[in-house]
Amino acid sequence: DRGLLPLRIYMDNLEERSGGGWWARLTSAPTLLWFASPWNKVDPWLDALSLTGLAVSALVMITGTANFFLMLTLWVLYHSIVAVGQIWYSFGWESQLLETGLLVAWGVSLTEFSRLPKTPPSYVTIYGLRWLMFRIMLGAGLIKMRGDMCWRDLTCMHYHYQTQPVPNPIAYFLHQSPPVIHMLEVAGNHVVELLVPWLVFGNRMCQLTSGVVQIAFQVILIVSGNLSFLNWLTIVPSLALFDDRFWARLFSRGTVRRVAKRQILEEKEHPSVQPGLFRDAFNLVLCLGLAFLSLPVMVNLVSSRQSMNLSYDPFRIVNTYGAFGSVTKERHEVVLEGLSSTNNSWLEYEFKCKPGNVERIPCLISPYHYRLDWLMWFAAMQPAQHNPWLFHLCYKLLSNDDAAVELMHYNPFQYADPPRSVRALLYKYEYTAAFNGSRAWYTRSIVQS
């Protein structure tokens with residue numbers, strides 16, 4: 001209700017542009033919050049969506065069991081937040097989570113709540129997840145080759161560890177590697193993102209190889225950066241590259257026997273395990289629908305003007321992905337300071353994760369996501385007028401607004417009068433040399449006030 005980009009204003013604008021029709025409103029923003037009109041008291045709704053999603057997620061995770069209606073509920077709840085999250089939920093992994101979740105919903109039993117349901121997972125889901133994996137990795141590889149020259153001359157990793165959105169402590173040490181190591185990292189990245197995805201269409205050994213390589217690659221990215229839940233999520237479709245013969249090694253003999261019995265009955269077209277005509281028809285329609293929605297994605301992949309992290313339908317069923325099409329060569333940070341009314345000095349605010357105090361150890365938060373810290377990284381690379389929420393944040397700091405200061409790690413005015421003024425300074429940050437005896441992780445110099 002008192003957000004940096006208030007939801008009431010956004011919903012009012014959507015309703016005005018859509019003309020008020022229910023289908024036009026739903027396609028402009030597929031969210032349950034349309035029922036919360038007039039949207040000036042949405043905090044209880046947002047709490048209800050989040051807590052319900054938490055409860056259903058916990059049920060699925062603890063029991064290891066799900067059905068279509070539980071997974072669809074999770075999809076609807078999360079979509080309801082993403083659709084109105086504006087720039088705070090504009091990251092590509094939000095659409096990726098929704099697409100992955102919907103594919104999984106189509107692959108579990110319709111109503112049965114069992115760890116070993118009678119009907120097997122739909123092949124549309126298995127191949128849909130493999131197709132998703134292919135698009136994620138190939139899209140990321142192509143956007144790099146078509147984007148920044150440093151990906152083609154193998155120099156991007158000279159900068160990436162230092163300039164990525166929210167570095168972690170390990171990135172600090174990886175940055176110190178010799179240039180030849182960084183060049184090998186870029187070459188390895190191209191192999192994983194441009195060549196390995198094609199193994200998805202090969203035989204069993206090709207698919208297993210692709211799955212192992214992709215999971216290992218995602219683990220490396222998790223270790224070397226705080227890229228939210230992106231890499232954790234990307235591991236999920238990779239699991240569809242492993243067949244029953246592989247997974248059987250991870251389960252008890254009793255479970256393997258029960259699965260084998262179901263597979264034998266399925267081959268004999270036994271009625272207790274056959275999905276039925278309705279399920280077959282549904283899978284056919286689903287397959288055709290996914291193929292149709294994939295057409296603009298395929299066109300985008302082969303286009304010289306490739307876009308990344310774009311949705312072509314309002315429900316984010318099939319999307320295009322990509323990451324780090326360009327790499328910044330210098331790290332700039334916006335630092336906010338408040339003017340104390342007692343001693344007339346400027347005191348610095350500290351964010352929860354982004355670089356600020358040069359002696360503060362970089363955070364390690366993946367798969368968690370501090371969205372304000374990420375947006376501050378973008379704000380440092382753009383003119384201030386492109387980020388009106390930053391003015392709103394400064395305005396709220398002038399009154400020690402509770403909702404705003406809760407987004408901070410340290411508020412120098414927490415137990416004092418609010419600041420008389422708030423200013424934003426632009427600094428250039430660089431890593432210090434490792435093991436140099438200094439407590440500082442960064443050095444910084446003023447660029448603009």
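Glycine residues also receive a Cβ, built from the backbone N, Cα and C atoms like all the rest.
TrEMBL annotations:
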DOMAIN    89-248  domain 'Lipase maturation factor 1/2 N-terminal'
DOMAIN    317-448  domain 'Lipase maturation factor 1/2 C-terminal'
TRANSMEM  44-62  transmembrane segment
TRANSMEM  69-89  transmembrane segment
TRANSMEM  124-143  transmembrane segment
TRANSMEM  215-242  transmembrane segment
TRANSMEM  281-302  transmembrane segment
Query raised in the report: Between the transmembrane segment (69-89) and the transmembrane segment (44-62), are there at least three Cβ pairs closer than 8 Å, leaving out pairs fewer than 6 positions apart?
Result: yes
Report summary line: Highest Cβ pair tally under 8 Å against the transmembrane segment (215-242), stretches 44-62, 124-143, 281-302, lands on 124-143
Query raised in the report: Residues of the same chain, at least six outside the transmembrane segment (124-143), with any C-beta under 8 angstroms of its C-beta?
Result: 96, 99-100, 103-104, 106-107, 189-190, 192-194, 196-198, 200-201, 207, 210, 214, 234, 236-241, 283, 286-287, 290, 294, 297, 301, 306, 308, 320-325
Query raised in the report: What is the three-state DSSP composition of the domain 'Lipase maturation factor 1/2 C-terminal' (317-448), stated as helix, strand and coil residue counts?
Result: 26 helix, 36 strand, 70 coil
Report task. Give, as a single whole number between 0 and 100, the mean pLDDT over the domain 'Lipase maturation factor 1/2 C-terminal' (317-448). Result -> 93
